[in-house]
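Only one structure is covered here, and it is reproduced in the block below.
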Amino acid sequence: MKTLLLTLVVVTIVCLDFGHTLICYNDHGYIGKTTETCENGMTTCYEERWREARGTRIERGCGCYKVKPGVQMNCCKTDRCNG
């Protein structure tokens with residue numbers, strides 16, 4: 001009986017995902033700001049801003065990457081921090 005209980009505990013621990021998945025605002029263009037759950041292992045959100053003829057564009061999502069000059073990139077590491 002103890003062996004069965006121990007086996008159930010081990011299986012439960014292995015099957016559960018103890019990692020926290022990050023939630024970022026997602027805004028790609030003119031659709032509007034929503035949220036997305038980032039893939040496992042992704043630890044940053046971004047907000048990217050640049051100017052166009054029609055005004056300032058803002059894009060948001062999961063991740064953080066290098067951008068070209070003239071683009072402002074802000075990266076952060078907490079849920080909904082890129083709003």
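A Cβ is built for glycine as well, from the same backbone N, Cα and C atoms used for every other residue.
The DSSP secondary structure for Cys24 (disulfide bond) is strand. Applying an 8 A CB threshold to same-chain residues 6+ apart, the list for Cys24 (disulfide bond) reads Thr35, Glu36, Cys38, Cys45, Tyr46, Arg60, Gly61, Cys62, Asp79, Arg80, Cys81, Asn82. Positions annotated as disulfide bond by Swiss-Prot: Cys24-Cys45 (among others).
Following the DSSP three-state reduction, the secondary structure of Cys38 (disulfide bond) is coil. The feature disulfide bond is assigned by Swiss-Prot to Cys38-Cys62 (among others).
Cβ neighbours within 10 Å of Cys64 (disulfide bond), excluding its own Cβ and spanning all shown chains: 19. According to Swiss-Prot, the feature disulfide bond maps to Cys64-Cys75 (among others).
Feature annotation from Swiss-Prot assigns disulfide bond to Cys76-Cys81 (among others). Cys76 (disulfide bond) falls within a strand segment according to DSSP.
Positions annotated as signal peptide by Swiss-Prot, on the basis of experimental evidence: 1-21.
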Long-range Cβ environment of Cys76 (disulfide bond), under 8 Å and at least 6 residues apart: Thr44, Cys45, Tyr46, Glu47, Asn82
Fewest other Cβ within 10 angstroms of its own Cβ, chosen from the disulfide-bonded residues Cys38, Cys62, Cys75: Cys75
Local Cβ density at Cys81 (disulfide bond) - other Cβ atoms counted within 10 Å: 17
